[in-house]
Each structure stands twice: as C-alpha cells, then as structure tokens.
Amino acid sequence: MPPDREEAGRRPAAILIAGPTASGKSALAARLAERHGGVVINTDSMQVYADLRRLTARPDPDEEARVPHRLYGHVDGAVNYSAGHFSRDAAALLATLGGRLPVFVGGTGLYFRALEQGFSELPPVPDTVRARVRDAAEGRPTEALHADLARHDPEGAARLRPSDRMRVMRALEIFLATGRPIASFYGDPVPGPLAGRDLRRIFLAPDRAALRERIDARFRTMIAEGALDEVARLRARRLDPMLPVMRAHGVPGLIAHLDGALSLDEAIARGQADTRAYAKRQLTWFRHQMGEAWRWVDPEGATVEDLL
C-alpha cells in the first residue's frame, strides 16, 4: 500500500530498494532517481566488481549515463571487498552528493544492515595465514573445517552453518591471526552512515514462479551478451578461488565448462539453479532479519508515485 499522506509529503534522507535478484530493482531505482534528481548507489556485493558487468547484471553504460550511478564496478576482482569497505565508501560518497537524493539499490542484506546499524571492524589477516588456511582446506569438506573451528572457537562455529565454507575459513583465519574468537571483535561496531536518518525502505517481492522464469531467461541472455567471455578473462587471471568474485553465481560452472568438465548447457543449468537458490535465501533473510520498517511491494503493481 502507498505511504500515508504525511510520510508521502516528506522527502527522505535516502531511499533503500532491496529485493531478490532479477526482481526489477535496478530499473525502479533509475526511474526514482531520474524523477527526483537523485543518484543510484549500488548496494550489491557482486556489482562492485569491474570484472563482471554482464554476469552480475550491472546496468549497461547507456543506463548509467542516463542517471548518475555510483559504486558500480569500482573494485578489482583481486580484492576481498566487505560490508565494512562498502559502508566506508558509501559514507564518503554521501558527503559529496550536495543535496541530491541517494537511492541505494541491491540485494546484499549485510550491506543494507551496515548502512543503518554499522559494522564490526575485523583485523587484517596476513597473507601467510590466509595461505595456511587455504592449504589446510584443500580437498577437505567444509564440515571438517567447521569441526576445526569448533575446537578453537566454539561460539564462532555455533553462529555459522557447517556448509558456509567462506565464512568458516574467515573465522579460522581470524583465530589463527589473533588468537581471539571472531565474535570478540563484534562488540563495538562502527556507526552506519544512515543511522537515525529518515529513510524509505522498499523490498520488491515478485511472484515466485515469475521470478524463477526471469532468473532462467536472464542467465541465458547474459551468456548471449558475453558473460562467458567475461569469465574466460577472469579465469586467465588465476585468482584465489575463495575470493568473492570467483564465487559469483555462474562463475564456478562456467569455469568448469572452460576447463572441459561441463558442457555449456550444464554450466548454464548450474548457474540458473544457483541463482534461484540465492533468490530464495534473499527472500528468507530479509523477512527474518530486516524487520517491519521495510515495505514489501509487488513490482508488477508498483509505480514511482506510490513509492515516494
């Protein structure tokens, strides 16, 4: 339902638009920014990377030229970019907008949380420790790594799914680098740049069946428009396979295809399935984690006038 009359007559400090992948967030954000002289600000953890415009469905150059877009493709794939990096970049950007309306859009819940609730600063991990954990993980199931973590940091292990390889390895790195459990660094978060501000929070919740169809169709369109070539260039860089850019939806399967382990159709099917599963997790996470301050909107019936 539309906002009440008092709320609708008051311009917010920022608009936040979230939703599952392929729900139409980017197009809506561009329309809102164009209508109100705003700036679209990426809030998606994969669209920050310069290496994967097509595979992450970043706005194309024409779209970016029509209305200002920021924090898209500004990070090299070799960087392990985090919610903390994003929050600092967003704070610096907000200071330059000169009164223009910021429209944050994306699907990464932790980035939205960092904007309002802040983030905990984790210590740097030496490359030698990263290499030690990576070597220890080679050929071992994630559940075994989780058991290793439980011996060193039972509280940290209890917070993580035994199948969440990236976060389990990160917690192991922190413990080995500092001798402290990862939770000990969570007590004093850095404030978020939008904390206490007047915000419009919109979550796009499309029909599930229609969303699955859009995800599958979009993945094939990405391939037709050059996503496989993007992944080939990324593969040639020989980056650490645990980096976020190497784990983007579609990348592992397409690399397996380039290595001869999968047919292209098999790689596409894997990418589609991974993306559908991710969309389901996004819906679940926002429903349980972000509270009632967010308006859930069917994108099929949403208009710019309804949302501001």
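From the backbone N, Cα and C atoms, a Cβ is placed for every residue, glycine too.
Annotated by Swiss-Prot as region 'Interaction with substrate tRNA', the relevant range among 44-47, 164-167, 272-275, 280-283 is 44-47. Fewest Cβ neighbours within 10 Å among the binding-site residues SER23, SER26: that distinction goes to SER26. DSSP assigns LYS25 (ATP binding site) to a helix in the three-state reduction. Listed in sequence order, the residues of the same chain lying 6 or more apart from THR21 (ATP binding site) and placing their CB within less than 8 Å of its CB are ALA57, GLY107, ILE215, HIS249, THR275, TYR278, ALA279, GLN282. Sorting each residue of the region 'Interaction with substrate tRNA' (44-47) by its DSSP state yields 0 helix, 0 strand, 4 coil.
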